[in-house]
Amino acid sequence: MAVGRSSGRGGQSECVRGAEHNCCSDHHTAHMPLSGNDLWGLVTEAMGVCRVVAAARAGLAGLAWLMADPPQLVLVGLDSSGKTTALLRLKYGRYVNTVPTVGFNCERLRSGGCSWVAWDVGGAERVRPLWRAYTRGADAVLFVVDSSSAADRLEEARHELHVLVRRQATQSAALRRSRPPVLVLANKQDLPSARSPDDMIDALGLADLPPCQPWALAPACAVTGEGLPEAMTDLRRLFIKARRTNPSRG
């Protein structure tokens, strides 16, 4: 065991004296008053730690929502807009030939970094009153529009979209929950007559939606799958943001 070199009378070790000197030095330093700059530095550091902790908690909360029961996604839109084609492309990753949906289709799928239970509801005029039953419990809505449609069909889609948003506002207020985000899928972008995203925003009056209604528009082609992954990623972001605003699922 290293003891140290003796320094004369009393056999006191130099290393012991050194240790005592260091202890005294530390003792006096600990009791020295902090300057204003030092105090401000400590406060700033503490605030930074708090922000990091808050961000981590928010991130974990978001993960908890995604790891719970899969959110309910409802696909609606006019007939022949490509809802079922989009659903099956998201489910299987390839084009699947479809027939017009009379009632509904339901698939569990994963896209955009999130698992969904997706409901595809028919878009024929006689079926649209049924949308209400499906959107009531929806966590997100994918409103599919044929971007190559004539002006009268786009006006019809605009009308149905705004009716849907107003109904969602009433349902959400009754359930005391945040409004489900709406992602408008400007489908059939592969066709020569397809309108640009900016033209679709104008045609559908998206800028006229209430400020409290989360929405986004994404161009896509359900047949080829182009644009669908990006659209679902955008929808996931809207969904998480809405949940952070009001985590209650009603």
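Cβ atoms here come from the backbone N, Cα and C positions, even for glycine.
Remember, predicted model here, so these are calculated numbers, not experimental data.
Feature annotation from TrEMBL assigns GTP binding site to GLY77, LEU78, ASP79, SER80, SER81, GLY82, LYS83, THR84, GLY123, ASN187, LYS188, GLN189, ASP190. Residue environment of SER81 (GTP binding site) contains 24 other Cβ atoms, counted within 10 Å of its Cβ in all protein chains. In the three-state DSSP reading, SER81 (GTP binding site) counts as coil.
DSSP assigns THR101 (Mg(2+) binding site) to coil in the three-state reduction, placing it in neither a helix nor a strand. A 10 Å cutoff on Cβ-Cβ distances gives THR101 (Mg(2+) binding site) a total of 18 other Cβ atoms nearby, all chains included. What TrEMBL lists as Mg(2+) binding site is THR84, THR101.
In this record, GTP is bound by GLY77, LEU78, ASP79, SER80, SER81, GLY82, LYS83, THR84, GLY123, ASN187, LYS188, GLN189, ASP190; the longest C-alpha to C-alpha distance in that set is 22 Å. If you take the CA of THR101 (Mg(2+) binding site) and look 10 A around it, you hit none of the binding-site residues from SER81, LYS188, ASP190. Sequence-distant neighbours of ASP79 (GTP binding site) (same chain, 6+ apart, CB under 8 A from its CB) are PRO100, GLY122, GLY123, ALA124, GLU125.
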